[in-house]
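Engineer: Here it is, the structure, as structure tokens.
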Amino acid sequence: MALIVHLKTVTDLRGKGDRIAKVAFRGLSFYTRVLENCEDEAPFDETFRWPIASSIDVNEMLEIQVFNYSKVFSNRLIGTFRMVLQKVVEEGQLEVTDTLIDDNNAVIRTSVSIEIRYQAMDGTVGAWNDEEFLESPNARSEGDPYEMDTLPPSHRQSPSKASAAERALRRAGKGVFSAMKLGKARASKDDHRKQDEPAILEAEDLDRKAMRLGGGLDPDTISLASVTAVTTNVSNKRSKPDIKMEPSAGRPMDYQVSITIVEARQLVGLNMDPVVCVEVGEEKKYTSMKESTNCPYYNEYFVFDFHVPPDVMFDKIIKLSVIHSKNLLRSGTLVGSFKMDVGTVYSQPEHQFYHKWAILSDPEDITAGLKGYLKVDVAVVGKGDNIKTPHKANETDEDDIEGNLLLPDGVPPERQWARFYIKIYRAEGLPRMNTSIMANVKKALIGENKDLVDPYVQVMFAGQKGKTSVQKSSYEPLWNEQIVFTEMFPPLCKRIKVQIRDSDKVNDVAIGTHFIDLRKVSNEGDKGFLPTFGPAWVNMYGSTRNYTLMDEHQDLNEGLGEGVSFRARLLIGLSVEILDTNNPEITSSTEVQLEQATPVADNCTGKMEEFFLFGSFLEATMIDRKNGDKPINFEVTIGNYGNEIDGMSKPVIKKKREGGVGNEEASELLQNSSDEEGNDEEEFVSISTTPPMRPLVTDRNYFHLPYFDKKPCNYIKSWWQDQRRRLYNANIMDKIGDKLEEGLNDVHEMIKTEKPHPERRLRGVLEELSSGCLRFVTLANKDQNHSSRTRLDRERLKSCMRELETMGQQAKTLRSQVKKTTIREKLKQSQNFLQKLRFLADEPQHSIPDIFIWMMSNNKRIAYARIPSKDILYSIVDEEMGRDCGKVKTVFLKLPGKKGFGPAGWTVQAKMEVYMWLGLNKQRKDFLNGLPCGFEERKLPKGQGIPFFPPISLLYTMKQVFQLRVHMYQARSLFAADSSGLSDPFARVFFITQSQCTEVLNETLCPTWDQLLVFDNVELYGEVHEMRDDPPIIVIEIYDQDTVGKADFMGRTFAKPVVKMSDEEYCPPRFPPQLEYYQIYRGNSTAGDLLAAFELLQIGPAGKSDLPPIDGPTDIERGPILPVPLGIRPVLSKYRVEILFWGLRDLKRVNLAQVDRPRVDIECAGKGVQSSLIQNYKKNPNFSTLVKWFEVDLPENELLHPPLNIRVVDCRAFGRYTLVGSHAVNSLRKFIYRPPDKKAQHWSKTGEIVVNVEPEVPIKKMETMVKLEANSDAVVKVEPSEEEKEKKKKKKKGGADEIEDDEPDESMLDWWSKYFASIETMKEQLRQQEAAAAEAEEKEEMDLTEGSKGQGKAKEKIKAPKEDKKKKQQQQQQPQQPEVPEKKNKQKIDEMKVFPKELETEFDNFEDWLHTFNLLRGKIGDDDDNAADEERIVGRFKGSMCVYKVPLPDDITKEAGYDPNFGMFQGIPSNDPINVLVRVYVVRATDLHPADINGKADPYVVIKLGKTDIKDKENYISKQLNPVFGKSFDIEATFPMESMLTVAIYDWDLVGSDDLIGETKIDLENRYYSKHRATCGISSTYSIHGYNIWRDPQKPTQILSKLCKEGKLDGPHYGPGGRVKVVNRVFTGPTELEDENGQKKQTDEHLALTVLHHWEEIPRVGCKIVPEHVETRPLLNPDKPGIEQGRLELWVDMFPMDMPAPGPAIDISPRKPKKYELRVIVWNTDEVILEDDDYFTGEKSSDIFVRGWLKGQQEDKQDTDVHYHSLTGEGNFNWRYIFPFDYLAAEEKIVISKKESMFSWDETEYKIPARLTLQVWDADHFSADDFLGAIELDLNRFPRGAKTAKQCSMELGTGEAEVPMISIFKQKRVKGWWPFLARDENDEMEITGKVEAELHLLTAEEAEKSPAGLARNEPDPLEKPNRPDTSFIWFLNPLKSIRYFIWHTYRYC
């Protein structure tokens, strides 16, 4: 089904010029080639074809536009022709000649003539004739089986697959442009294949400049070709090779799962002792037990370490269960559990859940509902992930449980139970799993011949396992069983693992494994569907099928790594049923069950069809030399078909038509055997292996097979269920994805290489994407009602169509938003599209198994390649065709399984050029169409003369001779292969069967070979024009030359040459080719870049004389080596490189000898300079001469700049030098100095700019401050606005509001007040950033989905950012409200800045002028590609560099004070040794990695600096993972010798040595010398006493004047009225200072401080100054590289010793908890439920007592006496409890110290929330007391009690009551009624009584002054309660007790 337009000619054009035309239909437009210098006629003569999926509507339009083409400007439209296709649809064919219309719709003279043909899709083929077939060989329908013979054999010799247009082209244009555009800039039938869009092709070549200037096409859709030539698929006939060699899955990695169990709430059960069990995979850990509570608080931290492959890791289940009363003797009863897999956590943002509530449910009883909540943090860290822990400060926010559930986004909080039915029907094609020896013995003895496998299926899901029965001895077992799992839905486990296993007593092993990914078989959207699957076949792959007892690739069968062979296929289904838990019939257990399943019909998975697979091997080169001595052949298999050695499982041949998998006998597969099967319609037998051949030598590493003009072929027939539709849909999406990926890569490259207009390319990409998506919707909608479609097929199709439709819309909207400024974020969003497409395209239900190509030597399998069947599947619709179907693909064979890991697996085993085609046998007439032309077919004798009989080999009659020129210029950032940390690299270039090497350059990672390699007489087979479009790829491998042994492999890259045919000119734009960067890969990781160019020149009839001469400076010194010729090598100009040599640090020993006299050698592009020699490294590691320079010729293009190498050598005696280490600076970019623009300099001299620091306006209008806020952390001082003052006044009048009570007294404030206030601010800022980010994201989504561009929207957009800024401002002001002098109001605490990360990250590593370069030595480890570089670091070079073009403009050198010795490095301090006092403040550590068995650690601080080593061992903190140290340490140090500060946390052990938990290193020197002034942070306000005292010995005024002097600035000038002027900036601020006696005095300090806070706004020298701060540094342990072991909060002050000494260190010792006493009087109870029945009268009564505790039941529980025999639930007690406790107000926690157990060495400090628990009990004499109910009051916020028992309701206890919350710490005394609550049988909360109590809080001092007795004792005794004397003898005197009843009722009257 297609529309074909033949654009013949355009006539009556005006003038002379280059013309181009554009033909558009359904949004897809093609450009013709450019016709140069046409006068009045443009004979385009080109054909365009649109394959279409839905019939053309009579109203659709075709549009043709003709342009004048311009290289430089955009094309000018001449006229347009539009035509409605009604006539075409009716008649099928039409010729039209008509005039064009111009922009104003006026008719112009120019006319166009076209021919249109339309082939409708009625299933009829219509009247096609031969020549039409040739015109468009792809537009065929599957209609008629005999249509195979339509092509007469005469065309077969060289089927000319060029479309008419191509032929026309060959006739027409011989100009450069036409030849260049051949088959590219015009869309032939292949327009949708995986090539760039037609007009895109080599945009670079087209005309680099034209395109760059925006010429060429319509500027919005200009698309540039990809920058890396090879990854652009230039042609229609070749597919892209995959550059990464190594399968990434299957390699073990380090993971750490850390889980904090914070607390549990609402646990179901009475008076329990809960323990939490944490399980990850197989490992279990337990928390401690908390007694008698339903809401235990643990705060315990657990860490699990794993070293496994990612797949295994992410399938592990994390299970949290709460167990009641577990002890040594019994395991306890499960209360409830929660499980999720590690993958779910890892896929969360930041790989973690923080402070989330897990819902507990009981797997034994699914009808029960929820069993409580558990608050946890879970994080999963892989190597190199760093987790941002939200700041652990006091958790005051009352937990909103429902809003913070431990569930990924999108999962509903109410999860239901569901049954997962996994149905296992049958399997086929199983391999042999027993040695045949045993079988033969059996056969001899018993005479039976059995299948050698006993299969069963095992399914694992959510931590549970189910198995089917074992089917003894069967290669085709039939089960028809279902395994039922009961699990919450949606499950938090992503994958179901289905495994066929072989049951064997000795060796029970997996045969194959398949994972069902639940995300792919369900959809959670509102139109989504529950998980469903099949019944469908899944193919399993694994190790090779030959049976060995110890299979080295067994892991592959377990589903790890890429399977290397087909193992079996299994027919399975999956369905899910949501359970209605109220239904009484339901079994409430979640045990796995096995049931029978109803068998499915044979045809349910599709009709059996005969498929035909054809493969031709065009080249086999780069065969590893290990395999070079024996003959080699290749085997192709699909499923078990074609597998001769070990494929057949049964000798019995089934009739294939019946639908079983036919396994031919091996003998029949031999090459020429006759066909014994007797099926008449079969004309051929499959041939699956090529004839064996001996390889020939290419060079010393590789061999090749002599497939010169004779190319062997394979073909296999196989039978599979016809489920092509699945693969077709996947292919359409894959192709859209490929095109998108390629486009995005282009855009990335363009941004990286700074080409102009990347946004245009992105627009083009998004346009393609949206049209591709809409195309999918029309195509996929075709055949909905296929009988064998499963529910999943239907649902997936619906959801894919929905997704793609919205994606198309979003892409369209996104396209309109792409601007130069937004391109980066839009690129990110487009990446999301790509991920989504790839996800959707992955089809969970398999159909045809993958194809394997094995290289065999001596009948042994050596290396393989696996090709997905969908990639080579044929379809008559282009988009549905596999990306490699009928194309030549370069395939690299790799070693199977684990052998493929690491260096061994990186060497190529063989490089193949293969051509594959797979399709229905009846469609096979096209199967040779994609091969390069010019061959004859060789068939088997019996196939001679039969059309479409597959050939066994192809004999090429046409060959072309070429010369390949490889211009190897340089490489950079190569892999370090020698122990010196350098390499001796050379490159080996392979093309077809030839290889050549560059010279070896010694000791460098950045070789500049500058060498031209010429490959002569390269013979390529096929037609000329195809070579031009389709040159084979060039492989470049980089090796390290070793003096002994084999060269080491360092990396590989591919390239495509630019081709010149003999009839083309060697001239621009394509020649000479330009150097480009190619990414080098080593395994899966990148290993550098290669800068090179490649050209392939055809040697014409006249021989080599026609080729461009190889001219270039022949290098006399280098002998025969040719340098890269002039037109290609980069243009150079003169640069000067200045180097600042500062010093060397931390040099490690070399060969056991210490470095003593080091020197640094700098080299760049062959020139260089040496530093002065350091005479004695120990005494002074700094250089005496600071600045040196050298001049060098560097390329004009900065992207081509060579790296600069830094090498450090040690000068030993006798003139010997030893290399210490080296460093390559790969990009000089940040060191290039560009002289400032003259114009820009003058504005700074203009008038004054007032920086308004104290806007007196209300907060509403804060726009003035935006300027300050934008980039400063400095806090702006703001006077409180008028409104605020008003508010405060009102507050004062309105009496004591509760907040007012809390007014901190100046004397009470300490450093910690400041710290906690700052943390709150930081958390608030983070929260707002997150909110802003989320808001922005939402807005993006909205923009995308709505796609409307209304005016209103734009306005909103403008508004939003301002509001954000406003918010930020407010938030930054509020904490900084300074004291207002008039009224002593509640003052705000001064704050500092808490950085949630290292200070270095905030201030760019303090490398503002002094850079640190790590020196490396030693090989890069191979075990892990990115092996820890830390181990290779042997020292650091400190210095800097400056690169600039010479000569410099004069004005720079003429500046005042310019010292020529220092060049660009003016004003640098001296580097002589300097003495400094270093003061380290260690605040606290969080989340330490547990070091002891009990899951805790006993941490203490160790500080090392130079020779000083401070161990604070005696002050270790017992059993704490979040210790507060609060200490400062003073150390005197001498820079530069002692400049690396290490702060470590060790774990104290009673016996044995202490273990390092983690450490952090700080480079003090860079901080000290930095312009950011990191010696002592400046605080937000200046005060001379109190908690915020100024710490620096220099006052702000001194600091300011020093900065001004150093920066040669004018100022500071202090003026009246609180003004200060620096340069032209004026600042204002307060001028009064208050001393400790409250005296005021004038000062300029505040003003100076204000300037310092805004220093970054000072022109020229301004930069941000480090504020007073606390930084948070990750602790690392060298044994566990890359994984955080906790965090440490600290800060460092440094004071030079030659300045005045600083004051004493600030006291930051941890706050001591304050001693309090809580007195609780229980007055009465009421309405307590009655538990006991009386023996005689049957009345209900209770013996009530009340129990209470504060810290924990064991320590301090207190009971009242018992009120016996209460008949109404009333009890009278008048009983006092007294609870002394220590309380930390800042953290709102009670502190208790106690020994953990009797064996503990010392007491451990715990912090627990301040909660008072009261319980009501029923006392029993003979049995255990009965628990009736409880209430827990959080002393910081609990509801005020009710005035009377009547008003006391249940809501008071559940927190739902609308009553004020009070804090006992503010109220001090409170009395009221509170409810007792408990759960009834149905788990509902009910009220079980009420208590009248009085709480009275006193400080320890007050308690001493007014003591009170416990119970009713002295002092201050309580009176006895007035209890009715219902005594024990009441039943003797019943009348007496009646009196009490009556009396009770009236007692209160």
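Placement of Cβ uses the backbone N, Cα and C atoms for every residue, glycine included.
In case it helps, TrEMBL gives these features for our protein:
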- 1-98: domain 'C2' (DOMAIN)
- 136-168: region 'Disordered' (REGION)
- 237-358: domain 'C2' (DOMAIN)
- 401-532: domain 'C2' (DOMAIN)
- 656-680: region 'Disordered' (REGION)
- 946-1071: domain 'C2' (DOMAIN)
- 1118-1244: domain 'C2' (DOMAIN)
- 1275-1305: region 'Disordered' (REGION)
- 1326-1388: region 'Disordered' (REGION)
- 1335-1344: compositional bias 'Acidic residues' (COMPBIAS)
- 1353-1366: compositional bias 'Basic and acidic residues' (COMPBIAS)
- 1370-1379: compositional bias 'Low complexity' (COMPBIAS)
- 1459-1577: domain 'C2' (DOMAIN)
- 1698-1849: domain 'C2' (DOMAIN)
Engineer: Taking 3+ C-beta pairs under 8 angstroms (sequence gap of 6 or more) as contact, is the domain 'C2' (946-1071) in contact with the domain 'C2' (401-532)?
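Structural biologist: No, the domain 'C2' (946-1071) and the domain 'C2' (401-532) are not in contact.
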Engineer: What is the three-state DSSP composition of the domain 'C2' (237-358), stated as helix, strand and coil residue counts?
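Structural biologist: Summed over the domain 'C2' (237-358), the classes give 14 helix, 61 strand, 47 coil.
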Engineer: With DSSP as the yardstick, break the domain 'C2' (1-98) down into helix, strand and coil residue counts.
Structural biologist: 6 helix, 58 strand, 34 coil
Engineer: With a cut-off of 8 Å between Cβ atoms, can you find at least three pairs linking the domain 'C2' (1118-1244) to the domain 'C2' (401-532)? Only pairs 6 or more residues apart in sequence count.
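Structural biologist: In this chain the domain 'C2' (1118-1244) does not contact the domain 'C2' (401-532) - fewer than 3 Cβ pairs sit under 8 Å.
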Engineer: Kindly state the mean pLDDT of the domain 'C2' (946-1071) in the predicted structure.
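Structural biologist: Over the domain 'C2' (946-1071), the predicted model scores a mean pLDDT of 87.
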Engineer: Helix, strand, coil residue numbers for the domain 'C2' (1118-1244) per DSSP?
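Structural biologist: Its residues divide into 16 helix, 56 strand, 55 coil.
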Engineer: Within the domain 'C2' (401-532), count helix residues (DSSP H, G, I), strand residues (E, B) and coil residues, in that order.
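Structural biologist: When I sort the residues of the domain 'C2' (401-532) into the three classes, I find 14 helix, 57 strand, 61 coil.
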